[in-house]
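Notes to accompany the following structure.
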Amino acid sequence: MRDLAIETSGLVKTFGKNRAVDGLDLTVPAGTVYGVLGPNGAGKTTAVKMLATLLRPDGGEARVFGHDVLREPDAVRSRVSLTGQYASVDEEMTGMENLVLLGRLLGHRKAAARDRAMRLLEAFGLTEAAGRQVKNYSGGMRRRLDIAASILNTPDLLFLDEPTTGLDPRSRNQVWDIVRIVVAHGTTVLLTTQYLDEADRLAGRIAVVDHGRVIAEGTPGELKSSVGSGSVHVRLRDAAQRPEAERVLAGELNTQVHLEADPVALTARIAGEDADAGAERASRALAALAASGIVVDDFSLGQPSLDEVFLALTDKALTDKEMEETAA
Amino acid sequence: MSATTTETGTSFVPAADTLGAVLAPGARPPRPGALSASLTFGWRAMLKIKHVPEQLFDVTAFPIMMTLMFTYLFGGALAGSPTEYLQFLLPGIMVTSVVMITMYTGVEVNKDIEKGVFDRFRTLPIWRPSTMVGYLLGDAFRYTMAATVILVVGLVLGFRPQGGVVGVLAAIALLVVFSFAFSWIWTMFGLLLRSEKSVMGVSMLVLFPLTFLSNVYVDPQTMPGWLQAFVGVNPISHLVTAARSLMAGSPDAGEITWVLVCGAVSIVVFGALTMRLYNRK
């Protein structure tokens with residue numbers, strides 16, 4: 001059996017009446033990137049804070065590499081690092097000082113801490129900025145310093161809490177590359193994100209979280225196929241033709257068509273298991289639109305977005321619950 | 001954002017070999033001891049002073065102002081002349097100024113916990129109170145500085161302590177030790193209260209009565225009985241009496257012991273409360 005980096009069962013954290021984490025079950029194998037995907041307020045950060053021993057769980061159990069987070073916090077702390085949603089570095093200090101400070105706190109002697117800091121700054125492309133206060137760094141640089149600080153002692157488990165939120169595309173790519181290299185060296189990464197795209201690119205497995213619970217879990221492929229093979233997005237030239245287009249699409253794709261706020265746009269989710277069948281159906285739908293004399297400006301077949309995966313999954317969760325209730 | 005910032009921000013490409021080299025798991029050093037971790041946090045406090053030297057204003061300008069103001073305001077009326085009064089006032093005004101400065105500890109703690117860096121410290125496998133001890137070590141430096149500034153101003157104005165160098169240094173040492181112990185009340189409030197402003201507010205509420213309703217400015221014999229009772233139990237009065245005795249060259253062992261015991265109690269009570277809050281935050 002493979003080692004487990006994280007194992008939680010029925011984890012609960014409440015803030016007043018708000019159940020931020022409400023019975024979370026996670027199983028994260030060691031040596032992988034595990035994505036925790038969910039909207040703001042889903043309880044991702046709260047869950048990470050409990051796993052990193054920053055918050056005490058109100059119920060349930062959580063183990064990190066077999067160590068209970070409540071009973072053996074120091075054993076957990078010696079194996080994990082956290083890069084929080086907001087940069088966990090000291091703004092008033094320079095990049096160098098930040099890393100030397102942490103190096104000393106991790107037990108390195110002064111010379112060793114300086115040496116390690118210098119090598120990390122170089123590996124993260126921050127040598128030039130080493131002597132500048134962090135408050136003068138760009139968002140991407142700050143994030144890189146933050147990750148550098150997290151791997152000062154290469155951790156066995158690295159928590160990355162929304163590492164790319166607010167970054168420009170180039171900085172985001174840098175962070176993604178760094179994550180891939182870190183994982184290739186044997187560190188397990190727990191990545192929280194609100195972007196399906198990001199989880200898709202980095203994570204081996206994903207847990208979709210909403211209202212503090214896991215509502216779906218699997219590989220990115222499994223999750224996407226569970227909500228159909230994709231969506232058709234159509235833009236018309238003439239808004240007046242939209243009712244007609246809606247009728248044609250609904251008939252051809254045999255699914256419900258969603259009218260966007262934009263008066264010329266329609267979206268339809270294609271039900272079905274595999275992507276090839278979806279593409280075939282979409283092309284038939286396009287032909288049918290043309291045959292009905294509807295002018296289409298833009299027609300695209302896309303993977304389901306997080307919104308769609310999410311709506312589909314929450315809908316499903318609701319229906320399942322209703323069915324359980326009727327059965328009971 | 002400066003041009004160089006953008007440049008380094010965009011041209012960087014993470015390279016598998018250089019990054020891989022720093023990731024190679026070397027032998028981990030043993031975790032630092034309690035003292036080493038505390039001193040490292042103390043170093044952080046000193047770095048902050050280095051980067052924001054303006055914050056030393058409160059330990060230089062403020063004490064000078066206090067000394068000048070009260071010496072010349074009350075000196076003539078209370079003791080016949082400012083120089084006469086200064087012999088009585090200086091140890092007290094030194095205690096007042098330094099104790100007043102202790103409240104910035106709470107403000108600093110409160111400002112820091114808003115930031116992510118606190119979360120990082122809390123995930124480190126180190127002696128838990130070291131973060132707080134580090135703040136206080138940095139502050140002890142500030143207290144020493146304020147006390148020195150006041151001493152120098154006092155000497156210039158004509159303060160001539162009978163206790164000599166040893167007596168004065170002993171008094172300052174006692175004051176700094178007491179302030180270090182007393183500051184734990186502020187680390188507690190820094191963690192407990194929600195904003196910097198509320199920390200300030202509570203600090204004033206505690207510090208004003210504590211420093212003014214004491215034997216710093218006038219002889220308590222002139223006060224009404226109920227006030228004399230308060231002044232009598234006020235730890236600041238005891239600290240002032242102890243400091244005066246040391247500076248005058250006739251150490252009052254009873255008062256000094258009282259102050260040290262009071263400091264120890266403060267560390268035990270407020271230190272425990274601080275760490276409880278720190279662990280639960």
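Note that the numbers count up from 1, one per residue, in the order the chain is shown.
Every residue, even glycine, has its Cβ placed from backbone N, Cα and C.
Just so it is clear, the model here is predicted, and its values are computed rather than measured.
Residues or ranges marked as domain 'ABC transmembrane type-2' by TrEMBL: B:54-281.
Long-range contacts of the transmembrane segment (B:56-79) within the same chain: residues 49, 85-86, 88-90, 93-94, 96-98, 100-101, 104, 142-143, 145-146, 149-150, 153-154, 157, 217-218, each at least 6 residues beyond the stretch ends and with a Cβ under 8 Å from a Cβ of the stretch. If you look up TrEMBL, you'll see B:56-79 (among others) marked as transmembrane segment.
Sequence-distant contacts of the transmembrane segment (B:85-107) (same chain, six or more residues past either end, CB-CB distance under 8 Å): 55, 58-59, 62-63, 66-67, 70-71, 74-76, 78-79, 135-136, 139, 142-143, 146-147, 150-151, 154, 157-161, 171-172, 175-176, 179, 182-183, 186-190, 193, 196, 199-200, 203-204, 207, 210-211, 214-217, 236, 239-240, 243-244, 247. According to TrEMBL, the feature transmembrane segment maps to B:85-107 (among others).
The transmembrane segment annotation in TrEMBL covers B:140-159 (among others). Away from its own ends, the transmembrane segment (B:140-159) comes close to residues 45-46, 49, 56, 58-60, 62-64, 66-68, 71, 82-83, 86-87, 90, 93-94, 97-98, 101-102, 104, 168, 172, 175-176, 179-180 of its chain (Cβ-Cβ under 8 Å, at least six residues beyond either end).
Among the features that TrEMBL reports, transmembrane segment is placed at B:165-186 (among others).
Here TrEMBL flags B:198-218 (among others) as transmembrane segment. Panel annotation: around the transmembrane segment (B:198-218), residues 70, 74, 78, 89, 92-93, 95-96, 99-100, 103, 106-107, 110, 185-186, 189-190, 227, 230-231, 234-237, 240-241 of the same chain, lying at least six beyond its termini, place a Cβ under 8 Å from a Cβ of the stretch.
Positions annotated as transmembrane segment by TrEMBL: B:256-278 (among others).
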